[in-house]
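Worksheet: one structure, shown below.
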């Protein structure tokens, strides 16, 4: 049996003019970053400049790609590192609500007697459909990590002697990933990340970080907000499965608060 513990940092894209105006973009509106959004992406890049990444996965939508490019530009460990654009990471499809105001969708949810977020407008993706899309990305990513980074040692040896809870959270950019041999960057979207966080807590049984309740955990991350997790994979003969997940921090936005 061997184990591999790796870090994964999620970053929401920078602000667009549609974000500022409270308009739902979803998948129909493939907008670029606003001037503020570019500044946020630049700030995220500078904040993460000394954090080592080994793989980069990005939504195929423009606002996410621009954010990722800015982060990679400032990061020396990413020099020559390919940026994998994956449509599985695209924002939630909000159906007929796309192009309308966020408040309009909240009113639609209220009229339907449903909660928001979590409401599915007509012709939109359900939360279950988005979760299944994320799970496809997750499994594909884990397979790539296994093929590229797994240290194939003898039976009973561990691929890395790092326990998820061992690294203290000190408010630094590399919290949780010091000494971790693999660190993945994922740049995506607010509503999509909201579904992913539900999957981690409800299906992978990730404990809530200290000081967080479910309301805060399941809030939508701010533009260029950072969420970081540590995951341990266990390989037993020909079978690989997750044996533990730990949240290092959620919705960190220190880089845009200064």
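Glycine too: its Cβ is placed from the backbone N, Cα and C atoms.
Automatic, uncurated: that is what TrEMBL annotation is.
Taken from TrEMBL, the feature active site, tele-phosphohistidine intermediate applies to 13. As annotated by TrEMBL, active site, proton donor/acceptor applies to 91. What TrEMBL records for 12, 13, 14, 15, 16, 17, 18, 19, 63 is substrate binding site.
What TrEMBL annotates, mapped onto the structure for a quick look.
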{"residue": "12", "record": "substrate binding site", "contacts (Cβ under 8 Å, 6+ apart)": "187, 188, 189, 190, 193, 221, 222, 223, 224, 225"}
{"residue": "13", "record": "active site, tele-phosphohistidine intermediate", "contacts (Cβ under 8 Å, 6+ apart)": "33, 37, 41, 59, 61, 63, 64, 66, 67, 187, 188, 189, 223, 224"}
{"residue": "14", "record": "substrate binding site", "contacts (Cβ under 8 Å, 6+ apart)": "33, 34, 36, 37, 38, 39, 40, 41, 44, 63, 66, 67, 70, 223, 224"}
{"residue": "16", "record": "substrate binding site", "contacts (Cβ under 8 Å, 6+ apart)": "25, 31, 32, 33, 34, 37, 63"}
{"residue": "18", "record": "substrate binding site", "contacts (Cβ under 8 Å, 6+ apart)": "24, 25, 29, 31"}
{"residue": "91", "record": "active site, proton donor/acceptor", "contacts (Cβ under 8 Å, 6+ apart)": "25, 26, 27, 59, 61, 188, 189, 190, 191, 192"}
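Counting every protein chain shown, 29 other Cβ atoms lie within 10 Å of the Cβ of residue 63 (substrate binding site). Taking every pair among 12, 13, 14, 15, 16, 17, 18, 19, 63, the residues recorded as binding substrate, the greatest CA to CA distance is 15 Å.
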